[in-house]
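This is the structure, below, for whatever I ask next.
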There are 2 protein chains.
Amino acid sequence: METSINIPETKSKSNGKALAVGVQQPNRGVKKGIAIGDFILRLCAMAATMGAAITVGLADQSLPFFTQFLRFQAQYDDIPSLVFFMIANSIVTAYLVLSLPFSVICIVRPLATTPRLLLVIFDAAAAGLTIAAASASASIIYLAHNGNPNTNWLPFCQQYGDFCQAVSGSVVGSLIAGTLLLFILILSAFALKRS
Amino acid sequence: METSINIPETKSKSNGKALAVGVQQPNRGVKKGIAIGDFILRLCAMAATMGAAITVGLADQSLPFFTQFLRFQAQYDDIPSLVFFMIANSIVTAYLVLSLPFSVICIVRPLATTPRLLLVIFDAAAAGLTIAAASASASIIYLAHNGNPNTNWLPFCQQYGDFCQAVSGSVVGSLIAGTLLLFILILSAFALKRS
């Protein structure tokens, strides 16, 4: 830097530019790799949340017997947590679809920070929402499997096995999606890193 | 910057230094501010998770009547989700205490990326854990308040009002801590940002 100070104005100007880019250039390839990884993880997370939302939405089991007044049926809207689960996973799926173009921009321009920061902000919100929905449903479905004798809450998965299995699978998928989103956040931090 | 290029060598030297650091210098103050904000938010999150863990751990309500065989008592270990809640919040509190020195390093050296990246990785895990624990307990405590007639799970907060209130407060505190941790993650992304 100091060697180039004595060079006349025009050169020192372009030199300053060379330095400014020089700090970042060698990592362009690495950052591109990170951006591609981000895109792939985003697709995986999208598939997981979409699958979870659809599976829970369609999970529906009727028992083969019914009385005059009662039909024995289990559906996601019997349990408020599962309604939240489905809505949250749908929102996150929609967000992840909308985020894909920004992720592509980050691949094309690995050194751009604005789209990356935008993604970080919304990824954090999406990760929080996904994990919250998944673990809220996980605790309910745990209760459905095991019950809780201390509070007199009886399990119902003996009767509604298929329903419980579908929901359990979705919860696992959603938890994986939440973990992937946290991992995407960490990747973004590495992508934003100076030098 | 460009107006000062024409000034003679000695001056332009000190100027050149200003430029060399100048790529980063103007942001040093901003990044220091971000690091201080990170430290304060970290303290708040620590207070919240610690308070939540202690409150749930001490929440204990006995009803004023008992039979020969039964004592009516509510404690956190009657509900598996609350055990998880207490353990998770204790872990996150411990982590946040351990992370404070790193946060201080980030204040002293706002441009260092390694401690910041370390914090990002563990903050993401801590945020996930806190949100998972808080929302798992939130769904259970919602059930304790409102019950679920579809699954025959009856509420017990009429009887154990104090216990429920203590746990509800802790869950809110823990959710706030989780949100703060996500916010810390976003701040870290801004702190890591180039230029």
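The backbone N, Cα and C atoms fix where each Cβ goes, and this holds for glycine too.
In case it helps, TrEMBL gives these features for our protein:
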- B:32-177: domain 'Casparian strip membrane protein' (DOMAIN)
- B:39-59: transmembrane segment (TRANSMEM)
- B:79-105: transmembrane segment (TRANSMEM)
- B:117-144: transmembrane segment (TRANSMEM)
- B:171-192: transmembrane segment (TRANSMEM)
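Neighbours and distances for these, please.
Counting residues of the domain 'Casparian strip membrane protein' (B:32-177) by DSSP class, helix then strand then coil, yields 109 helix, 14 strand, 23 coil.
Within the chain carrying the transmembrane segment (B:79-105), a Cβ under 8 angstroms from the stretch's Cβ atoms is held by residues 35, 38-39, 42-43, 45-46, 49-50, 52-53, 56-57, 112, 115, 118-119, 122-123, 126, 129-130, 132-134, 136-137, 139-140, 167, 170-171, 174, 177, 181, all 6 or more beyond its ends.
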